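Worksheet: one structure, shown below.
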Amino acid sequence: MSDLGAVISLLLWGRQLFALYSGNDVTDISDDRFPKPPEIANGYVEHLFRYQCKNYYRLRTEGDGVYTLNDKKQWINKAVGDKLPECEAVCGKPKNPANPVQRILGGHLDAKGSFPWQAKMVSHHNLTTGATLINEQWLLTTAKNLFLNHSENATAKDIAPTLTLYVGKKQLVEIEKVVLHPNYHQVDIGLIKLKQKVLVNERVMPICLPSKNYAEVGRVGYVSGWGQSDNFKLTDHLKYVMLPVADQYDCITHYEGSTCPKWKAPKSPVGVQPILNEHTFCVGMSKYQEDTCYGDAGSAFAVHDLEEDTWYAAGILSFDKSCAVAEYGVYVKVTSIQHWVQKTIAEN
């Protein structure tokens, strides 16, 4: 409950008011700073308090967060009794969101913390990739990222100690475990659990998981990362680019020659075939020929829902080898893996 604060609300209907709660402190209000409320005819003073959360957290409760002292000296909420609320992290609400006039291959620098869900993962051979914070203790990345410099026989227990992970402004966080998707050869996804919850703030914030499909053809999303830039060197600065969702038929034809299994043949212009199936969608290049590149995998295709003013992870970048040479990057649909994600988090 460390993120839970409480303040007193006063109603001139109750008994004698004796204390003011603020944060984790209880202050006696019998002195001059907090004078006793004046009495009113045919009425009384009732004392109660209301829980509130710190910045970047919100109250989760079936009640209203207001607790009243009953005759047994118990603090009770009308809806939930003595059950306390929780403060959960806000997701998808960056303080300084990216906007369309700002424009990682040739992308613009993220100087304002527009992508607080973006994490940086480094393998034991110093290869940099991306990961995406989805709550205070869990991140999504690709299975390929987790297996970098490991044999196919490596287990999740073998992999976890070899990874270094940073969130926010180079904040090192410790990894407790990694969990690979049971069908990771076809669904290129894995989860990372941290040993401790991160403190959510302006620089560190999860992105929301979608309740609907945002991977519609033509929809524009933002992708951030530390991948190779236009000089094919890894960047020390987080960059981002705006990219449109592409037609799946065109994407499959580009990489496999045909959507018909009978006529499919490898024809990737970069010599590596992406995983293309019902769990993926494709994204094209920007009008400036900007694209993702090596090292950006694991980053989110972040979509801004204007009606809700909330950012959602529509996809996780799996194939980051297009580098403005191939026409399409390939992403794992978050809606396709969401049940597995929620189940895995609940069980771990």
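The backbone N, Cα and C atoms fix where each Cβ goes, and this holds for glycine too.
These numbers come from a predicted model, not from an experiment.
Annotation in Swiss-Prot places CYS251 in a disulphide bond whose other cysteine, of CYS282, CYS293, is CYS282.
Helix first, then strand, then coil: DSSP counts for the domain 'Sushi' (34-87) stand at 0 helix, 22 strand, 32 coil. Separation of the C-alpha atoms of CYS251 (disulfide bond) and CYS293 (disulfide bond): 17 Å, rounded to the nearest whole number. Note on the domain 'Sushi' (34-87): its mean pLDDT in the predicted model is 89. If you draw a 10 Å sphere around the CB of CYS293 (disulfide bond), it holds 26 other CB atoms from the protein chains shown.
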